[in-house]
Amino acid sequence: MNATKRRVAYFYDSEIGNYHYGPNHPMKPHRVRMTHNMIVNYGLTKHMEIFRPPLVPWTELTRFHSDDYIYFLRLVTPDNMHEYVRQLQRFNVGEDCPVFDGVFEFCQLYASASIGGAAKLNEKSADIVINWSGGLHHAKRSEASGFCYINDCVLGILELLKTHQRVLYIDIDIHHGDGVEEAFYTTNRVMTCSFHKYGEYFPGTGDIKDTGYGEGKNYAVNFPCRDGMDDEAFTNIFRSVIATIMQHFAPDAVLMQCGTDSLSGDRLGCFNLSVKGHADCVAYVRSFNIPMLVVGGGGYTLRNVARCWCYETSVLTNVEIPDAMPYNDYFEYFGPEYRIHMPVSNMENLNTPSYLNQMKQTLHEQLRQIQPAPSVPFHTTPSAQRYRESEAVSNDRVQDEQMDTSQDRYDSGSGALSQSSRHPAEFYD
């Protein structure tokens with residue numbers, strides 16, 4: 001572990017696990033509760049400040065999203081959705097992004113944690129903030145996409161920009177971070193860097209040639225990957241690209257999206273990363289000692305989501321944890337191994353050394369063309385003050401509830417849903 005101790009804030013609300021996209025949908029908010037329960041039983045909460053995110057007013061969400069889109073999300077329910085047929089189509093709400101009970105409250109909850117986490121970094125009351133419920137990186141200004149309704153990553157970055165001149169967004173989800181890239185495509189104050197599967201794969205964006213526009217030219221960094229990406233190849237390209245970004249862009253803060261669908265055996269994924277390989281990327285970013293907001297993202301093999309985010313919490317808090325799991329509320333679902341680290345598959349890595357070297361060279365040439373933006377003074381923001389006054393710190397406010405043990409199966413559909421793959425030992429909550 002890195003010897004540097006840093007102040008870590010952890011945002012969690014037990015209500016997040018009560019929301020449900022539907023019986024046939026692979027996105028399960030309950031995975032955040034599973035993760036939290038494991039974090040608690042490993043004793044990691046003793047090494048963090050625990051916060052229940054105060055809910056931001058809906059107007060805060062319109063700092064990125066359009067008023068009419070937010071208004072629609074506030075009003076629509078499963079019972080009245082037949083009255084909003086035109087709006088459902090306009091805002092792309094349907095199969096991938098269904099209307100479910102409490103959909104707006106769910107969005108408000110995870111977005112509030114990312115905005116609140118950014119505010120804590122702004123006021124310098126934490127060095128690292130964790131929000132595993134966030135990372136919904138596909139949502140657009142007026143459109144839901146890829147299981148995402150509100151783009152908390154964009155909102156968190158907008159908050160960080162109040163006191164940080166340059167913000168770096170890093171995305172290790174298997175899907176391209178299209179919503180975040182699109183939001184900052186024309187600015188040089190935010191650099192977006194996404195490592196993702198590219199080709200016949202959702203959302204179909206993220207070509208290495210997509211580098212930004214206008215003042216944002218060269219500030220969008222895309223590393224398109226092929227199937228079977230393994231630890232050795234991924235950590236090599238990640239360290240190489242991030243080191244070059246740190247040298248040329250010199251960010252004042254980082255928002256890192258840690259989607260776990262890039263892990264081996266993910267229900268919707270096609271990479272072959274281990275928990276250790278995924279976490280090595282988090283550890284590497286931590287080593288730069290830059291204010292860091294860490295959020296979740298994709299991840300559809302629930303047991304592996306919990307394994308990974310729990311282990312990455314230990315990395316961020318600089319606490320060694322044993323591989324053997326302590327007993328927890330979901331212990332039976334991690335058998336028969338009952339361990340954090342699981343073997344990867346024997347799938348072929350289609351990312352050849354020559355291909356990866358070519359991509360790295362192209363990106364290094366792109367990054368050498370950027371000029372760091374000048375630093376400017378900032379002041380304490382009202383939003384940071386609001387969070388300082390309203391945050392809750394007692395650990396008894398983040399207790400888990402019992403898991404809903406109902407199991408459901410999944411039928412292939414269109415869009416992001418069409419990439420499902422069955423795993424025989426998978427648990428569907």
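Every residue, even glycine, has its Cβ placed from backbone N, Cα and C.
As recorded in TrEMBL:
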DOMAIN    25-315  domain 'Histone deacetylase'
BINDING   Asp96, Gly146, Tyr300  substrate binding site
ACT_SITE  His138  active site, proton acceptor
BINDING   Asp173, His175, Asp261  divalent metal cation binding site
REGION    372-429  region 'Disordered'
With H, G and I counted as helix, E and B as strand and the rest as coil, say where DSSP puts Tyr300 (substrate binding site). coil
Averaged pLDDT score, the domain 'Histone deacetylase' (25-315): 98
List the residues of the same chain that sit at least 6 positions away from Asp173 (divalent metal cation binding site) in sequence and have their Cβ under 8 Å from its Cβ, in sequence order, or write 'none'. Gly135, His137, Ser194, His196, Gln257, Cys258, Gly259, Asp261, Ser262, Gly297, Gly298
Around Asp96 (substrate binding site), how many other C-beta atoms are within 10 angstroms of its C-beta? 22
Return one of helix, strand or coil for Asp173 (divalent metal cation binding site), based on DSSP. coil
Show, in sequence order, which residues other than Asp173, His175, Asp261 on the same chain lie with their Cβ within 8 Å of the centre of the Cβ atoms of the divalent metal cation site. Ile174, His196, Gly259, Ser262, Leu268, Gly269, Gly297, Gly298, Gly299
Neighbouring C-beta atoms (10 Å sphere around the C-beta of His175 (divalent metal cation binding site)): 29
